[in-house]
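A.B. asks: TrEMBL feature annotations, pasted as is:
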{"type": "ACT_SITE", "residues": "B:75", "note": "active site, charge relay system"}
{"type": "ACT_SITE", "residues": "B:155", "note": "active site, charge relay system"}
{"type": "ACT_SITE", "residues": "B:179", "note": "active site, acyl-ester intermediate"}
């Protein structure tokens, strides 16, 4: 399947990765090559096969609904590029 | 005692227990080797003071476990409290976790000493360790008298290089599509990817959560058994961690494989396979037969679809896992221009912080999960994955105990050699290893011989789920027959 520049631009947007306009044609080419490789999967008869969800046939374990780890505000914020007054700070999101 | 860093874990353990050597001496020997080995690009965050403190503590604690006082290297993918852990990515620049991964917690509880953090491909994406923000890790092996620098493989390239060059006694690796076994094969060492769920993934930076599994990279099979035991076990913090007892893997190493059935899958005999690899595989088969195993030709019919399935599933999971790197919580944030809002912050931060291979895979993952393509790509790949797993279940049900294959389609290649290649060509490096990740099975690579240029080649054994002890024992029997003792000539 051939990917056009418009699709490459849309995927970059969805992935939240800025891609300069002049790099979109090469990106579209790379996508086309990789998706071409992936197309082989269409040769496989998958009728009636359930998509695999878990590697081991165990039910996902559940924790009791209790607080067991909390009160670590300082540790949580320690690596933030911008933290102020106990919060993560980001550019203005509401006008 | 400059030879101390060359010791195997088992030898060092025994010498420590007898009081013939101290952990401080072992650790100093490794630190001195590390200082002389910057050309290998293996250690990217050195922690000598921490290492000596841990060594002193180990020397004071005579009651420690098998790894008490053993100096190890830790792949940069493992979060280590207070020590830089950045998955070889620019986006995690400056990140120092406030917590310790379960694997390193267990290793340190056993008494292991951390020498520092090891180079890797960015977010473990790559097969040559060339996507690292720190620069390349380099293979200690060279082709004859040729000066060309070779790849140690990826993504655990720094771990492989460090163990092969005797900078440490053992190292942690992680394997999502072959990232323990392929670099082990390229550097002439042993590496095992255990059954999915055997080792906790908690605190290991996630790439593709349904495939990622940590394991040891060591100088021989016994060392892998010792280190794997310390790394394994149930962890309530990882919901996919199996609540199973951890056997004594070392005790399983009897070398007796009489009556075991070894499967030889015809689909792994690829067109254009180098004669040397084909011969190595045949020789390995003969050795297992001579050791008393029954050899059986088997078929794993969906093998050829493993790589394309992997290159849907792994990027899909990566696009989800890497969504957390957004410039808000940790690491790098792009400088913003006047008027930039939060979307621009995300887009610029991720464009600056991620390398090209990571961006490519995140975007491929975004595409295969997007509306309209989810069924055609992602769901189809998961169905093919179910068929790949069923192939293995069928041969195991037919009485096969382990499967022998080559570990890689070639020996180590030159750094930069794949620079202009299609990304798909690089992906082919994992052609023999990726099936076990899709099926969640344990796989081990053991050094098996040298090619015509004097570079190591490896063989892979794939085992039944949860039977790492049996798999390690088969690998041990193979190791004893192979008698691989070659070491790289020191040039660094």
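Heads up, residue numbers simply count up from 1 along the chain you see.
Cβ coordinates come from backbone N, Cα and C, glycine included.
TrEMBL: automatically predicted annotations, no manual curation.
Could you place these features in context, so I can see how deep they sit and what lies close by?
C.D. replies: Around residue B:75 (active site, charge relay system), the C-beta neighbours below 8 angstroms that are at least 6 residues distant in the chain are B:117, B:118, B:120, B:156, B:158, B:159, B:171, B:172, B:173, B:174.
All protein chains considered, the CB of residue B:155 (active site, charge relay system) has 37 other CB atoms within 10 Å.
Listed in sequence order, the residues of the same chain lying 6 or more apart from residue B:179 (active site, acyl-ester intermediate) and placing their CB within less than 8 Å of its CB are B:121, B:124, B:127, B:154, B:155, B:156, B:173.
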A.B. asks: Under DSSP, is residue B:179 (active site, acyl-ester intermediate) part of a helix or a strand, or is it coil?
C.D. replies: coil
A.B. asks: Please report the DSSP secondary structure of residue B:155 (active site, charge relay system), reduced to three states.
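C.D. replies: It is coil.
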